[in-house]
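Here is the structure we will look at.
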Amino acid sequence: MNPPISNSPGRPAPPAEAPTVRLSAASGGRHIGELDALRGLALCGILFVNISQILYLRGIVDMQKLPVPHALDMFVHQRFFPIFSLLFGVGFGIFLGNASQRTAQPRVVLLRRLLVLAAFGALHHVLQPGEALLPYAIFGLVVLLPMSFLPWQANLPIGAAMVAATLALTSGGMLLIPGLLLTGFALAQSGLPARLHRLGWQLAAVFAVSVIASAGFLVLQEQDPLSAGFSSASATAGLLMAIAYSTGLFLLLRTPVQRVLSPILEPLGKMALTNYVTATLLIIPFGQLLGMHESTRWDLLLALAAGIILVQILWSRWWLARFQYGPLEWVWRCATWWRIVGFRKVPRPFSPAADRLRPAS
């Protein structure tokens, strides 16, 4: 728990301040890189769904689900959106914890951050009415800010209960956002991101249970494949598969495969806001150019998604080799702190002494 912070600069507050999470330097680097990689994976999965929604592709012909949309319903649709939403909650929790070490009014800064996100979302909504940034900002203002005064021991069960109730009573979708944001926020409050690298058998156990449970709900979803995306069974299967995908990726990142996955997924995740918005700017013109609007050309959807992902991987790696933040991430950061922050990466000066001490490769 953080020490209390007074609203009066230079004067300590009496002990009664709401708890927030601090993320130490020890929890950065590779450990937070795992969250970036997961965010990058979620971004890739969401792209397939967004293309079909933006271009209004038809997935049902003669009351039969076409093969590609059927496969997407089973393994992609509703599977990556929960990850993206949860990670936004985690990000807000980490941000508030770090802000509490820099300012006496961290929630004012978080409020400004959410308002800027709402502006991004409102502009993006013009091009993609089903976009998620505006709901994230709205529910962040309505749910996260008030609940940030509670400890994680209260927020975690409340968030989980909200998610469970939504799955039981609805078909999920945007209604899952408040619970997922709060759950992610509580996980950040608890300090889980800093301990993620210590989890081994726990991740394996959660992975195994979620795979088995999601298989059961996937069978239920397949009882009525035409209602996939609009049923409680498909939403529950989606959340369980999201857990399986997340824990499965974390386990893979503890193997030699990490050397391949991290350079691909981490840059995507670090520039998630920029890549999420620019994907829409690519989908609309290329979808029209390829004649995909209101068509059944799901083969072109796969090709377009693969092309956008490849371009964003290359562009993200190139950009982050030169700059500290993605373009929209930098604007978001400047507007959040209400000042211009450093943008370009500053190369470390060459030190002959340090170079002599560097071990030979």
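For all residues, glycine too, the Cβ spot is worked out from N, Cα and C.
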What range among 254-272, 273-291 does TrEMBL record as transmembrane segment? 273-291
Counting a contact as 3 or more Cβ pairs under 8 Å, with residues at least 6 apart in sequence, do the transmembrane segment (298-320) and the transmembrane segment (199-220) touch? no
So if I exclude everything within five residues of the ends of the transmembrane segment (232-253), which remaining residues of that chain have a CB under 8 angstroms from its CBs? That is, six or more out. 34, 37-38, 41, 45, 73, 75, 77-83, 86, 163, 166-173, 176, 196, 199, 203-204, 206-207, 210-211, 213-214, 217-218, 220-221, 223, 261-262
Which one of these stretches, 40-60, 110-127, 133-152, 164-187, has the most C-beta pairs shorter than 8 Å to the transmembrane segment (273-291)? 40-60
State the non-local partners of the transmembrane segment (110-127) in its own chain: residues 6+ outside its ends, Cβ under 8 Å from one of its Cβ atoms. 54, 92, 95-96, 99, 133-138, 140-141, 144-145, 148, 273, 277, 280-281, 284, 328, 331-332, 335-336, 338
Same-chain residues at least 6 beyond the ends of the transmembrane segment (164-187) with a Cβ under 8 Å from one of its Cβ atoms are 78, 81-82, 85-93, 132, 135-136, 139-140, 142-144, 147-148, 152, 155-156, 158, 193, 229-232, 234-236, 238-239
